[in-house]
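Below is one structure, written out as structure tokens; comments come after it.
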Ligand SMILES: NC(=O)C1=CN([C@@H]2O[C@H](COP(=O)(O)OP(=O)(O)OC[C@H]3O[C@@H](n4cnc5c(N)ncnc54)[C@H](OP(=O)(O)O)[C@@H]3O)[C@@H](O)[C@H]2O)[C@@H](O)CC1
Ligand SMILES: Nc1ncnc2c1ncn2[C@@H]1O[C@H](COP(=O)(O)OP(=O)(O)OP(=O)(O)O)[C@@H](O)[C@H]1O
Ligand SMILES: [Mg+2]
């Protein structure tokens, strides 16, 4: 073996060992800072030499009669974090509503058409990451279409963030994400319990959140899982991280959508940077940690200004300043 290849293999082994040994440790302030440093290392520099699209083209699959806010929050957050283009694939009825929230989003009214999987499939080769679920709803036809789109994204090797009703779909059919190395699941408390029962056959052990998240991740074939809560617990089958960045006590709807949209971009950046850059935690762990820290920081900053009246729209206004503060200063 050439010396260079030998060194690279050795560095790879050391990384796996370092991760395996750190999985049972708590995540201290020092660890938080070193993980934030890893996030900083995946952020692409803003230079004049790039063309539109290079820093990310993200798709969100969701948006139906009842829910138009959730896909908007996810898609606009992806843009505000730094993606160049953000697409929403929603139902015909939801499209004009979502378009009217923002001229910045590209909105495709295709999700309830009989041709949905082919129509979205045409766009997939141009997308760097797909967020499946915010505002999708639980209509059988929409879930079947989301399933077809998810399968096409996997076939194309596209990173997928699965949230909200996308997690409902995965709880019905865990095989959809089983072993896919570019999948991240972002369950809230209820979604996590539902997934654990579906995959492991029992409710999670509430006294051992780290163990519960690690077990679910491993049972799904080392898919990255982010359990949101008072602290966010993140596992990739090998290592467990915790994000306890100060947030706020406001629990208004939509904060999870901000997180999943941000994660779409960060997952793309992290996978593009690769494990050499993240040095220690896997790229998707670093991306997930970054999205959690950012969401919580947005919540904190918005709450300082608006207190009890804070809503997710106020948090989205903080994405730029919060991002600079955490990852650029
Ligand atoms: N503006 C919009 O368009 C938005 C749309 N959204 C979209 O809505 C769709 C449904 O998503 P969802 O998250 O509301 O799930 P759902 O299964 O109805 O469960 C909700 C119930 O679960 C519970 N619960 C929740 N958290 C808990 C906790 N930590 N600890 C304990 N219990 C907890 C709580 O139950 P309760 O307290 O009422 O008994 C709550 O009422 C999905 O498409 C999503 O994207 C949202 O993104 C928001 C913004
Ligand atoms: N008790 C808490 N204390 C502090 N932060 C929290 C708490 N619960 C959740 N969060 C934070 O709020 C964000 C969204 O998590 P949440 O559990 O509300 O998601 P969700 O229910 O999916 O939201 P959405 O309303 O968008 O569907 C995450 O960044 C998480 O860290
Ligand atoms: Mg949610």
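Every residue gets a Cβ built from N, Cα and C, even glycine.
Residues or ranges marked as domain 'YjeF C-terminal' in TrEMBL: 35-326. Annotation comment: TrEMBL describes 135, 188, 189, 190, 191, 192, 193, 194, 257 as (6S)-NADPHX binding site. Positions annotated as ATP binding site by TrEMBL: 228-232, 247-256.
For the recorded site, residue 256 (ATP binding site), the DSSP three-state label reads helix. Counting every protein chain shown, the number of other Cβ atoms lying within 10 Å of the Cβ of residue 254 (ATP binding site) is 20.
Here the domain 'YjeF C-terminal' (35-326) returns a mean pLDDT of 97 for the predicted model. According to its DSSP assignment, residue 250 (ATP binding site) is coil.
By the rule that a residue counts when its Cβ sits under 6 Å from some atom of ligand 3, the binding-site residues 135, 191, 230, 232, 256 yield 256.
Taken in sequence order, the binding-site residues 191, 228, 257 that lie near ligand 1, meaning a CB under 6 Å from one of its atoms, are 257. Between residue 191 ((6S)-NADPHX binding site) and residue 228 (ATP binding site), the C-alpha separation comes to 10 Å.
Distance from the CA of residue 189 ((6S)-NADPHX binding site) to the CA of residue 252 (ATP binding site) is 15 Å. Those residues noted as binding (6S)-NADPHX (135, 188, 189, 190, 191, 192, 193, 194, 257) have their most widely separated CA atoms at a distance of 20 Å. With a cut-off of 6 Å between Cβ and the nearest atom of ligand 2, the binding-site residues 232, 252, 254, 256 reduce to 232, 254, 256.
Rounded to the nearest whole angstrom, the C-alpha distance between residue 193 ((6S)-NADPHX binding site) and residue 228 (ATP binding site) is 12. For residue 232 (ATP binding site), the nearest of the binding-site residues by C-alpha distance turns out to be 189; the candidates were 135, 189, 257.
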